[in-house]
Each structure stands twice: as C-alpha cells, then as structure tokens.
Ligand SMILES: Cc1cc2nc3c(=O)[nH]c(=O)nc-3n(C[C@H](O)[C@H](O)[C@H](O)COP(=O)(O)O)c2cc1C
C-alpha cells in the first residue's frame, strides 16, 4: 500500500477485528509541556481519515493546555497480537463544536456525568466530593440529555510523517516511513 492513511485504516481494521486484543483503539499521545518535556498518555482514537487522527478529551486538561500552547504532537500505536507499531508526528488542531457534540452524544451517560464532575488533570482533594457531585448531577439530569460542556472536545492530528513497523522476532523489522512534503506522501524504508 502506498498511501499511509489507507495503510493505517487497514491495520486498525485488522486490530478491531482481532478478538485477542483488549484495547484496539488505544494510542499514546505525546505533547510537550511548558518546560519542553514530552508527556505521553493513552487515549481512545475516534477516527482516522484523510483529514487526520481524532481523539476527544477535556480541553483544559494537561494535554489540552499543551496542545493549545504548542500543536506539535506525536501519536504511537502498538497492536501486540499483530506485531504492528505506528508512529505519527504532526500538528494538532481543535475539532469543531459540531464534531465534538457528535462524539459527546456517542458517549455513555456515566462517562458524560464523570466529565461534568471532574476537572481533568487538576489535583484531587477528595474522591468522595466527586462521587457526591456525580450523585447531584445524576439527579439534576435525570431523564434529560446532558449537553456538551464547553471544556470537552477533541483534537485532530494532521500528520506530517507516519512510520509503520512490522515486528520480526529476528529484529529485522520492516520499517516503512512516509513524509508529507508539498502535498505528496514520500515513502522511504528505514533500517531496523
Ligand atoms: C486505554 C485508555 C484510554 C483512554 N482514553 C482517554 C480518552 O479518550 N480521552 C482522555 O482524555 N483520556 C483518556 N484516558 C486517560 C488518559 O490516559 C489520561 O490519564 C488523561 O487524559 C489525563 O491526561 P493529561 O493529564 O495528560 O491531560 C485513557 C486511558 C487509557 C489507559
């Protein structure tokens, strides 16, 4: 395959169809903090298409603040049973509120309530106070749709490079590296 987005979709489809994998959409997102240190964490990949790679999060979280300060980002996936690793580097942009709302509506109610009750990445004073807040919110929104909060949304990573690694026991991995230059993807093979 000579188009990296199509290759990613093909690999992700294989991962999604693999019953031995528990986490089929978990990808590590690495941002740069205010001191320039890389910070990685897993998120749930929502979409991968010609526009880029989309995930959702609290916008005021550490990753949200990092990406608003510096859109340079890396995304790494590893599908153990398939022996596939993917590394993406690119620039992140916030998705539209309409798209965020579409993803918000697809979340279960408990996840929505937890988002409302938490300020992700802030120090936790008491888990009990969050549980109390969840109970209050649960009563408040009983039988009502929970609207998209302002501080929740998503980012799309517009890729500048993508590397696909096919793992080999001999360590003679296949590494296919794509770089986006002037609107065209260029492919190079890298030594393992
Ligand atoms: C498998 C897995 C999936 C996760 N998915 C998400 C996600 O989609 N969005 C999110 O904000 N956090 C997700 N988390 C939690 C993040 O890893 C992280 O703890 C949280 O977003 C706070 O990160 P930050 O403080 O660096 O912003 C997930 C964690 C795991 C282990």
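Here the Cβ of each residue, glycine as well, is placed from N, Cα and C on the backbone.
Bear in mind that TrEMBL entries carry predicted annotations, made automatically and left uncurated.
Residues or ranges marked as domain 'Pyridoxamine 5'-phosphate oxidase N-terminal' by TrEMBL: 16-137.
Shown in sequence order, 26, 27, 29, 55, 56, 57, 63 are the residues of the chain, 6+ apart in sequence, with a C-beta less than 8 angstroms from the C-beta of residue 43 (FMN binding site). Residues or ranges marked as FMN binding site in TrEMBL: 41, 42, 43, 44, 45, 46, 63, 85, 120, 121, 175.
Per TrEMBL, domain 'Pyridoxine 5'-phosphate oxidase dimerisation C-terminal' is recorded for 152-192. Long-range Cβ contacts of the domain 'Pyridoxine 5'-phosphate oxidase dimerisation C-terminal' (152-192) within its own chain (Cβ-Cβ under 8 Å, at least 6 residues beyond either end) map to 2-5, 7-8, 11, 46, 51-59, 64, 67, 73, 75, 83-95, 97, 99-100, 103-104, 115.
Residue 63 (FMN binding site) carries a helical DSSP state (H, G or I). The binding-site residues considered are 63, 175; of these, 175 has the fewest other C-beta atoms within 10 angstroms of its C-beta. Residue counts for the domain 'Pyridoxine 5'-phosphate oxidase dimerisation C-terminal' (152-192) under DSSP, helix first, then strand, then coil, are 0 helix, 30 strand, 11 coil. When the binding-site residues 41, 43, 45, 63, 175 are checked against ligand 1, 41, 43, 63 have a Cβ within less than 6 Å of one of its atoms.
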